[in-house]
2 protein chains.
Amino acid sequence: MNLTDATHDPKLRSWVESANAADTDFPIQNLPYGRFRRAKTDEPWRIGVAIGDQILDLKLAAEQCPWGDGVPELLRPLSDGDLNTFMALGLDARKRLREALSTALAEGSDQGPFLELCLLPQDQAQMALPCAIGDYTDFYTGIHHATAVGKLFRPDNPLLPNYKWVPIGYHGRVSSIGVSGQQVKRPMGQTAPAAGDTTPAFGPCKRLDYELELGILVGTGNELGSPKTMEQAETDWFGLVLLNDWSARDIQAWEYQPLGPFLSKNFATTISPWVVTREALLPYRVPFAHPSGEPQPLPYLNAALDAAAGAMDITLEVWLQTAQMGAPQKLMQSNFRDSWWTVAQLLTHHTAGGCNLQPGDLLGSGTQSGPAPGQGGSLLELTNGGKAPLTLSTGETRTFLQDGDTVILRAVCSGPGKARIGLGEARGTIVG
Amino acid sequence: MNLTDATHDPKLRSWVESANAADTDFPIQNLPYGRFRRAKTDEPWRIGVAIGDQILDLKLAAEQCPWGDGVPELLRPLSDGDLNTFMALGLDARKRLREALSTALAEGSDQGPFLELCLLPQDQAQMALPCAIGDYTDFYTGIHHATAVGKLFRPDNPLLPNYKWVPIGYHGRVSSIGVSGQQVKRPMGQTAPAAGDTTPAFGPCKRLDYELELGILVGTGNELGSPKTMEQAETDWFGLVLLNDWSARDIQAWEYQPLGPFLSKNFATTISPWVVTREALLPYRVPFAHPSGEPQPLPYLNAALDAAAGAMDITLEVWLQTAQMGAPQKLMQSNFRDSWWTVAQLLTHHTAGGCNLQPGDLLGSGTQSGPAPGQGGSLLELTNGGKAPLTLSTGETRTFLQDGDTVILRAVCSGPGKARIGLGEARGTIVG
């Protein structure tokens, strides 16, 4: 199975010089979409494509550059700042525009002189959520996370019997999703009665945490009552962002039974601004299988379809910058290939009972922890439930987040003979 | 505390004759808002007010009738089919328009001759969801339901320790919310392995159920990070609808731990089309208190504010019509005054951690069961978990819903010396 085409060629270079740097997240092989405007203005939001340290403004590009047949129609909703309409168009549209942009941004392109006038440096832009998000679902595909957290909440019963069979998920809050740079106010909330007491406490969260996740943005939706097949699901997702599922552990522990997390999660969720498309990630698809001896996916989650290349090799990282630090410090690293379910399985399961997905819907992957103890995707895991504080480079210690702490999620794909594909970052700061 | 004004006067009559019938849900004292268009057309949706068996078309009313100062401005978003903008305006705007509509629709009004031309019979209209719903949260305020269901899911531990302290809630799915008349396709899903088996089953839901709830629509929202006080919450909700939280019990039992219900709920939710405003319900406010000896609400849920009139006396009913029945049969009746939390407490709790509510957001009350065994708000309760089938008037039996069954939720407020205020109905039919 050859998943890649000329747009993935690692030798391809852009006339945008910064896109050719070895360490850029946004080489010409990436071409992620975002919604931006010039900083410190209240101009209408526009859709752009990140290229090196620049943004190609698709409104200007549509107006000022000649394009091949059919491309202006694809650019039209994007010119209006509307990513959702484009997302709904599906795989062929995504591929056609990817090819057109790749050609136009490639070294030696005839379109270069027109498009040079359509660039804005990223450091002069303000970013918004990339699309309108109708519904947000958070999954729980990180089996190492589920096991580690399960041990803390239910020492006798860490991984529930359904975990290996059901892609566990729950609905999240859309209104409080923000883009990288979000200032997250420490939530107030109820916590369990102290030992010997019968009345719960109410006050500022004392166990404030992050969760390292990927966010999947839905491209093509489905009608209510018409589930997606795995084949459809495989191409119906649009792309990935980073997602920080901020969590108030003390509030969560008291409220979450029997209906799941609520206020412990809905005070904020932060995503990265650039949507890296499914197509940009194709070179990093890897085989998927549940280990032999483990439960195999039921037929509707058709594992055979995913066997060759259902998983993705994406390195994920959490960085922390306290108010005292001059630069952020890396806390951990994991890989999305350890996810217990594939993206196609998540979409398929979500619709299996008839639920309709819509373009722009957001699915969180769940916390992506690695198998080793130092690979926890949350402080809850890295500090063993707050019992083993981390000592930072400054000599400070942390069990949970303090006011002024900035959490930075990063993700990158790289490997021999392949272009580096980065997801940028999702950054958020705790304020008291 | 006098909550009522001239618009609540039970002696008030309308020149719309059907609004004066003793059994109408929509007398001149009600004036609920809905979104409609003429049946079998694809005209743009408009906002109207139900009056008797008619709809007052607010677009025509704005254009064709003289109004007092300030009223045309209030009607403008409604003329555009946009209830949300009006919802955001808050209590004063709601009261002013209520007074203006009450005056205009009253017997002897000078505006009658103009407004007669702005009526459409309800049976010639098609209804839509009344507003754009950004987020949907489902609470769990029915303590008799929580206890009865808890017994079935956790016989040794029916009511968890947090229940009486925390207004338990979780996020629901917006995309699958439909309006009365919804055809609900029986969901497929995973269910627990049969006894002696290790592999879960996948197939059509065998324990399909309804849940009798009220839906609260948010009027004025709040900024992220800025919780509402109880005083704000009391006036910041816009109105009520009926809400059927369709539930697949077998799927729910297998999937719901540890993160709550997901596919067992998100295949459909049905609400009634007419939003009965907070102001229309004021004559039915009644005292609120947790029984003495029970946990009292924490200070942020200020029970003192609710003591005099925080609860609402609303009679709720479930009716069932099987394919064999000529007319629906009443299954049970309960009352919203038995809710463990008030509407103001739900809004306050929802925002206590900083979560932002937005105009048009929907909050389900949770299933409203009464204290007696025959007052269960779901079949799960009425049939003791499917072990005690109901025998219907036709001689048919039911444990859970069969294809072709229509479930009808109704709610009405009535009492001596008060105008009857109905919520209409939320009707849905199971299709295979």
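Glycine is treated like the rest: Cβ placed from N, Cα and C.
Curation does not apply to TrEMBL; its annotations are automatic.
TrEMBL lists A:ARG154, A:GLN252, A:TYR256, A:THR367 as substrate-binding residues, and of the candidates A:TYR140, A:TYR163 the one it assigns to that same site is A:TYR140.
Between the candidates A:ASP245, A:ASP250, TrEMBL assigns the Mg(2+) site shared with A:LYS265, A:THR269 to A:ASP245. A:ASP138 is the only one of A:ASP138, A:ASP156, A:ASP306, A:ASP313 that TrEMBL places in the Ca(2+) site (with A:GLU211, A:GLU213, A:ASP245). In three-state terms derived from DSSP, A:TYR256 (substrate binding site) belongs to neither a helical nor a strand segment and is classed as coil. Chain B lies within reach of A:TYR140, A:TYR256, taking the binding-site residues A:TYR140, A:TYR256, A:THR269, A:THR367 and requiring a CB-CB distance under 8 A.
Using CA atoms as reference points, the recorded positions A:HIS145, A:ASP245, A:GLN252, A:TYR256 were checked against A:THR269 (Mg(2+) binding site), and the closest is A:ASP245. The DSSP secondary structure for A:HIS145 (active site, proton acceptor) is helix. Calculated from their C-alpha atoms, the gap between A:ARG154 (substrate binding site) and A:GLU213 (Ca(2+) binding site) amounts to 22 Å. Here the CA atom of A:HIS145 (active site, proton acceptor) lies 6 Å from the CA atom of A:THR367 (substrate binding site).
Within 10 Å of the C-beta of A:HIS145 (active site, proton acceptor) we count 27 further C-beta atoms, all protein chains included.
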